[in-house]
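Engineer: Following this message is one structure expressed as structure tokens.
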Amino acid sequence: MNIAFENAKKNLPIKGFLDMPVDPSLDLFVEIKKLKEEKNAIILAHYYQEADIQDVADYLGDSLGLAQQAEKTNADMIVFAGVHFMAETAKILNPTKKVVLPDLKAGCSLADSAPADAFKKFKEAYPDHIVITYINCTAEIKSLSDIICTSGNVEKIIESLPADQKIIFAPDRNLGAYINKKTGRNMLLWDGSCIVHEIFSLEKILSLKQANPDAKIIAHPECEEVLLNHADYIGSTTQLLNYTKTDAAQAYIVATETGILHQMEKNSPHKKFIPAPPDNACACNDCPYMKLNTLEKLYLCMKYELPEIAMDEQLRLAAKKPIDRMLEISRHAGLIK
Ligand code: SF4
């Protein structure tokens, strides 16, 4: 009997992950590769994961790409290196597959900013509105939505609706305000936000720009409007990455989670990438939830197939409908194949 595992399993509901020692002599890159083959597992990782996790992933992407990969995979086990709502989305799309997440406590401040009870009441007050919800939300909120969107497809989804269609947009007020401005719509916004994208210091970014006048400021639309007004380019994580690959500039101040810099540097090694600083003592801006996942936790969750995402079937079916609509509109718009 593996006592360390039995204890870690017992403590899982409190800890959120298998808290047990990993043999330090193991090469985790090799072990994870072996486990992938043995278990016919696929590792889907978000761009905000630490560099080592990005390097062992089979697929690396933002929310839209990850949802699409989760939908089409033939693997028996999906190892989701990201946050809880992303692993939940994979489970919603793949009820028969095992979905594991290295740390169940890898949550999301944006998802937390929309509690299901309060959101249900809000929605009921506007019965003539349809609900478009950013994918960063819980399965309960998805089940109350008409269409899910990501920062990569939100404009196409809004454009697919008649101009006079009344819309509730949730949970991110910054992304909603940015889309209102860009499309001329007047969507009703839920008052939620992401702690990582709201904490950037405009003052520090502007002094960085002064010190690096040739650097372009590129930003995620979850950032506040006051920062977006200074950005040379605004886009989803994948759009920001693609922009730095093709754009002629040689330096960028990147206003989103710092994990994406690993891919930017890999793809354009001759360019300079400066993380936009937050309004605290740190020089770069990490998502504390994304960074709860480590290579050790990833290895353990693959080896022991825990913690696993479980979901009530009725909730899953209700949450799947708006995701299916998103994937359908994205396919129609040529955003995914
Ligand atoms: S960066 Fe923000 S939106 Fe993304 S997972 Fe972290 S808290 Fe959530």
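Cβ atoms here come from the backbone N, Cα and C positions, even for glycine.
For reference, TrEMBL lists these features for the protein:
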type    : residues                                                                     : note
BINDING : HIS46, SER63, TYR134, ILE135, ASN136, SER151, HIS220, PRO221, GLU222, THR237 : iminosuccinate binding site
BINDING : CYS108, CYS194, CYS287                                                       : [4Fe-4S] cluster binding site
Engineer: Where the criterion is a Cβ under 6 Å from an atom of ligand 1, which of the binding-site residues HIS46, TYR134, HIS220 meet it?
Structural biologist: none
Engineer: Long-range same-chain neighbours of ASN136 (iminosuccinate binding site), Cβ under 8 Å, sequence gap at least 6?
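Structural biologist: Those within reach of ASN136 (iminosuccinate binding site), by Cβ under 8 Å and sequence separation of 6 or more, are SER63, PHE85, CYS108, LEU110, ALA111, PRO171, ASP172, CYS194.
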Engineer: Would you give the longest CA-CA distance, in whole angstrom, between residues of HIS46, SER63, TYR134, ILE135, ASN136, SER151, HIS220, PRO221, GLU222, THR237, the set recorded as binding iminosuccinate?
Structural biologist: 17
Engineer: When you measure from the Cβ of CYS194 ([4Fe-4S] cluster binding site), how many other Cβ atoms are you left with inside 10 Å?
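Structural biologist: Within a 10 Å radius of the Cβ of CYS194 ([4Fe-4S] cluster binding site) lie 25 other Cβ atoms.
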Engineer: Please list, in sequence order, every residue of the chain apart from CYS108, CYS194, CYS287 whose Cβ lies within 8 Å of the Cβ centroid of the [4Fe-4S] cluster site.
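Structural biologist: Residues close to the [4Fe-4S] cluster site, other than CYS108, CYS194, CYS287: VAL83, SER109, LEU110, ALA111, ASN136, ILE195, VAL196, HIS197, GLU257, TYR289, MET290.
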Engineer: About how far apart, in whole Å, are the alpha carbons (Cα) of CYS287 ([4Fe-4S] cluster binding site) and HIS46 (iminosuccinate binding site)?
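Structural biologist: Approximately 12 Å lies between the Cα of CYS287 ([4Fe-4S] cluster binding site) and that of HIS46 (iminosuccinate binding site).
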Engineer: Give me the non-local Cβ neighbours of HIS220 (iminosuccinate binding site): same chain, 6+ apart in sequence, Cβ-Cβ under 8 Å, ordered along the sequence.
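Structural biologist: Correct list: SER151, HIS197, ILE234, GLY235, SER236, THR237, LEU240, ALA255, THR256.
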Engineer: Counting only residues 6+ away in sequence within the same chain, which have a CB under 8 Å from the CB of TYR134 (iminosuccinate binding site)?
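Structural biologist: Those within reach of TYR134 (iminosuccinate binding site), by Cβ under 8 Å and sequence separation of 6 or more, are LEU110, ILE148, CYS149, THR150, SER151, VAL154, PHE169, ALA170, PRO171, ASP172, LEU175.
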